[in-house]
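The following features are taken from TrEMBL:
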- 507, 510, 547, 550: Zn(2+) 1 binding site (BINDING)
- 516, 519, 534, 537: Zn(2+) 2 binding site (BINDING)
- 279-445: domain 'Helicase ATP-binding' (DOMAIN)
- 542-696: domain 'Helicase C-terminal' (DOMAIN)
Ligand SMILES: Nc1ncnc2c1ncn2[C@@H]1O[C@H](COP(=O)(O)OP(=O)(O)OP(=O)(O)O)[C@@H](O)[C@H]1O
Ligand SMILES: [Zn+2]
Ligand SMILES: [Zn+2]
């Protein structure tokens, strides 16, 4: 078994296979599958993952592995399998899939060092290697007689650790701990022997007579207002001892979370949790969809299910959308499970992320709460996987590997034979349809835990406002209500739904939106050519100068930012204290929390923001939620635009009246009759589901069909068009099923990005078992173009962003 099969770090489809290397003598005992190695590849040395050890190779003249980067595997067998599956599913490279599962620090270039972390004697060889030092470079090990397996054993025993030095910044933090080195009565004797002047020394020794535990040196110095040289004196006398201890950069102060205990579940919660607990107990996989209105206590169900998992000695992954990973959410998990929880999200520094990852890797925690990539947590004994707000788009990665965390969760749930829980007040059509068919198990929570009604929703027709001379972004009713709440000392959440704001064209008089006659999709305004285009079928028409429906000349695309809204709001209601939350105000680390704290402390009356504020927030004093423009998302060139609008309106409405004070919602819109707005205002998910499903059926969109999106881009327009046409033709010639449709090529909605022209082909299919193989084959034909001529082809087997 002296040959390793390695996936090397060369991101090219022609290299997407294992390469065989011989394992040098000194690595034979330590090298296992899932470790990273350095191997010669052509003239260079590059990184790779060992995916198999074997005794034979069909090649002769194998090269040797140059170095082994890990002493314990960074990818478990399960994750290696997952990586291969994911690469196949998403048509990405194995190396890309593997790297997506690891923290950034392990992908970067780094140097290594070995650190001695015990005072106990090591083996003679190790002692002479360290030669009295705490740190040695990895190169010294390589040049010594000490074998790798000796070091590996020392690492496993906890005597030595490997440190990765990223860009010369140490990735771990250490502190010196001081502890007594003698029995208390011997310390007493020592105090007697000290001279009168050694006051500090005496104080320190008496402290340790009462406290036998170790204490951080810096804390000790502060506590006794002493110096490290005083401590050193006692260390030299061997009355005290010291060790260096690694501490994790924990972004959260675990002790600051108030501990909570399980609440008595409501009847609906009880009915929901029973089968989940049974699955945990019986180690049985199934997917549960919890459809629960906002405030119905889904999170409490997660917490109590996790409790069972922890008691069984197993582990839990909880995914929450990035933007709702607010301190409020973290508090609920840390409050219940304390430091047994690791938190992973993008606002952490690379070092912090690495530390949290290592706490998982070393099984020092049983729960991870995190954004999308936390689904790859290297747990080996999973008891449950939970995806909160399962409808959120952020669970889909929009970069290779273009995976959806829901699919990964189900894959891992099957592997570990554990339940997967999807929760949402507004499930995706895909998930709800599966639940209707019995593929997922559906549970419904129709009531809030406090039995309070959902807040009443009033729809304001902005066309009327315009007709009556109000041209501002604020209806009279919204303005009056805001003023009234401010007077009462209550608070307001205002949502400016900004996404895709100026891409479609609308008549401000009648609300008319130009749509494609063949696709039931709003046309996209292309500024350069002043044309309206359908990006599904290439239909186009010139930008009209007057409304085709009512002849008004107030037809236009208009854009408004939160900053401008804030200004006009200040003019309109000068007494209002406003905090604004959008990408501009939350760029700095911690600013997100700061704004929310300000609002929670009632330093502001109004929280004005984009989509970011729609989810997860729970402020007891909020009694009014206003949506400035419910339509802005409705006409995006995306067949999911109605669904997204419904989801957003329902979520944001759920922020009002969550506690004692009753809540109210005002939705401003130019198209009050649109079913997604009307049904969201009645909280009528079922009717929305039915309407939307029938639209999807008529126009053949998911969940009735699957989609695949191929995008081609290049600086040269002609080249893009030609390549895209070739691809479309190859697809058409080779698809096996008559029902499969190839649309395009058409220009992408964003037709030119970073000086590159973009074209796309969309494939709609029900049953096309060889589609992935076919696409891979087609793309391989363009390998040369891609490598030499900078052609870019991306494939998304489950597109959510159609831009
Ligand atoms: N069994 C219970 N008894 C009393 N209060 C409960 C119970 N379960 C949950 N709660 C409380 O009800 C409130 C809403 O619960 P929770 O936040 O879990 O709902 P949710 O469905 O996750 O809401 P959202 O989707 O809006 O985030 C919380 O303040 C929670 O502490
Ligand atoms: Zn009109
Ligand atoms: Zn069209």
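Backbone N, Cα and C atoms are what each Cβ position is placed from, and that goes for glycine too.
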For residue 547 (Zn(2+) 1 binding site), the number of other Cβ atoms found within 10 Å of its own Cβ:
21
Just name the most isolated of the binding-site residues 516, 534, 550, going by other Cβ atoms within 10 Å of its Cβ.
550
Taking only the binding-site residues 510, 534, 547, 550, which have a CB closer than 6 angstroms to any atom that belongs to ligand 3?
534
Residues flanking the Zn(2+) 1 site, with Cβ no more than 8 Å from the Cβ centroid of 507, 510, 547, 550 and excluding those residues themselves:
508, 509, 511, 512, 548, 549, 551, 552, 554, 555
Once the DSSP letters are reduced so that anything not helix or strand counts as coil, what is residue 534 (Zn(2+) 2 binding site)?
coil
Mean predicted confidence [pLDDT] for the domain 'Helicase C-terminal' (542-696):
85
Helix, strand or coil: which one is residue 507 (Zn(2+) 1 binding site) in, per DSSP?
strand
